[in-house]
Amino acid sequence: MASQLTDAFARKFYYLRLSITDVCNFRCTYCLPDGYKPGGVTNNGFLTVDEIRRVTRAFASLGTEKVRLTGGEPSLRRDFTDIIAAVGENDAIRQIAVTTNGYRLARDAASWREAGLTGVNVSVDSLDARQFHAITGQDKFRQVMAGIDAAFDAGFKKVKVNTVLMRDVNHHQLDTFLAWIQPRPIQLRFIELMETGEGSDLFRKHHISGQVLRDELIKRGWIHQLRQRSDGPAQVFCHPDYVGEIGLIMPYEKDFCATCNRLRVSSVGKLHLCLFGDGGVSLRDLLQDDAQQYALEERISDALREKKQTHFLHQSNTGITQNLSYIGG
């Protein structure tokens, strides 16, 4: 086995976020408010199942333990179940998760679980059906809620729910969210609104620090949990009176990048060292044959030497990220 992926700042990388499409059928205000528009970048098509098999095999050989399938909306791929199974061929990968808008979850949760999926994250930015419609552009609140129930029925022990925290939209709804998770094994993760190339005006209007919620949670007796090495960036809190948990993802907080453990590959096979970095390193030419695996691992390892110590969001430098559907948020 090749050596564990490590960068110049001694950070080890156990977690791959793999985008398999940038197409999405929702029009969320903070991501694709005008809907999905095909770009020239996808002219060669998205990664095939065989290419996905090869890239995840290389990352598994380099110490990756967790793969999250992202988009766009991953379940729009007709071969999504085959993709899950292909990633699962790697014994070293212990967790295979998906981030989804949930619109196909009620129909497909059981088949995804059977294919090897171990974790589900569902985007839900409001528990009010009308506000959900206003944020997403889709009147699918009840369908998404049914999907979460279906995930539990399919055998998922916990469901993670992602909620983008927005001032004057949902930041004042903490009590509603807490009541929802009190009897349910849901980890509700509030994600600070992040500035993107296309979303600067929205950011200035609606950004609020997660620190506000953290202070309130601590005041109410919530307890901060320790992170595991392949966990994402959320600070997780639990409370003895709640079955559910709260997570806070605060990319503007000091030292957010110090514990970075994840890399990203786009839906067209580019390795991105940071969600808000520049450029990216193409891997696709080395995904065409199994015999290329050693060269692929070398390219990934070499690229990691260029990973910066931190992002530059504080200077409003969003890198190449025009919207969050591009490399999977």
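All positions are counted from 1 along the displayed chain.
Placed from the backbone N, Cα and C atoms, the Cβ positions cover glycine too.
According to Swiss-Prot, the feature GTP binding site maps to ARG17, ARG68, THR99, LYS160, ARG262, LEU263, ARG264, an assignment based on sequence analysis.
For CYS24, CYS28, CYS31, the entry in Swiss-Prot reads [4Fe-4S] cluster 1 binding site. The DSSP secondary structure for CYS24 ([4Fe-4S] cluster 1 binding site) is coil. Cβ neighbour count for CYS24 ([4Fe-4S] cluster 1 binding site) (all protein chains, 10 Å cutoff from its Cβ): 21.
Look at Swiss-Prot and you will find TYR30, GLY72, SER123, MET194 tagged as S-adenosyl-L-methionine binding site, backed by sequence analysis. TYR30 (S-adenosyl-L-methionine binding site): 21 other CB atoms within 10 A of its CB, across all protein chains.
The feature [4Fe-4S] cluster 2 binding site is assigned by Swiss-Prot to CYS257, CYS260, CYS274, with sequence analysis given as support. Over all protein chains present, the Cβ of CYS274 ([4Fe-4S] cluster 2 binding site) has 21 other Cβ atoms lying within 10 Å.
Per Swiss-Prot, the feature domain 'Radical SAM core' maps to 8-234; the stated evidence is sequence analysis.
Taking every pair among ARG17, ARG68, THR99, LYS160, ARG262, LEU263, ARG264, the residues listed as contacting GTP, the largest Cα to Cα separation comes to 20 Å. Counting only residues at least six positions away in the same chain, the Cβ atoms of CYS28, THR99, THR100, ASN101, GLY102, VAL161, ASN162, THR163, VAL164 sit under 8 Å from the Cβ of SER123 (S-adenosyl-L-methionine binding site).
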